[in-house]
């Protein structure tokens, strides 16, 4: 009972950190716009998903790097942040003429994760009435965060050939180059190792298939050459402790 009395009103919690509440609203809107974009892919909601995601990540980046200056150190700090990566991602695909749902899937997944995290904090630290079904749903989603992060990482990897297709269909010849730089940043992320974990898992699966007797010779050679090329292009990163 003492803990209940110590809880503050929801409005006090929101006023104490308006930026985080703003990000929460943007992420909820991202989810709504994503559903609408899936229902009608050629509506304006596709771009609204990207714009809402860009705004949320810009706010998060401001929290992580509050003092922006024109210096190499500031740029390095921005490029080290996951929010900086996805701010670039969201802006990168704004000019895409042919909406593809694979583009907004990671934005949806991140919006689900972060909005659930904020709502959990809001409900545990304030006197907000507890809604049993909603609480159970959010708890279940949060228990699947690792699965969602792996899904996002796989999506990031398989988006690379999609950007090549988009470039050849009039959506920007430099899109694959920009996306390759994004993929490098994701691979080198210190806070989120799932991209390189998934890269390693895919590489191991491909090498095991190539070593099997059922793999055709031309496919084996192609896999070995592709693996060698990817290993040469991959940046050096510290070993991930898992």
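From the backbone N, Cα and C atoms, a Cβ is placed for every residue, glycine too.
Per TrEMBL, the feature transmembrane segment maps to 20-39 (among others).
Sequence annotations record features per position, and here TrEMBL assigns transmembrane segment to 100-120 (among others). Counting residues 6+ beyond its ends, the transmembrane segment (100-120) has Cβ neighbours under 8 Å at 20-21, 23-24, 27-28, 30-31, 34, 37-38, 41, 46, 49-50, 53, 56, 86, 89-90, 93, 138-139, 141-142, 145, 148-149, 151-152, 155-156, 158-159, 162, 166 in the same chain.
The transmembrane segment annotation in TrEMBL covers 157-180 (among others).
Beyond the transmembrane segment (157-180), the same-chain residues lying 6 or more positions past its ends with a Cβ under 8 Å from any Cβ of the stretch are 88, 92, 95-98, 100, 102-103, 195, 198-199, 202.
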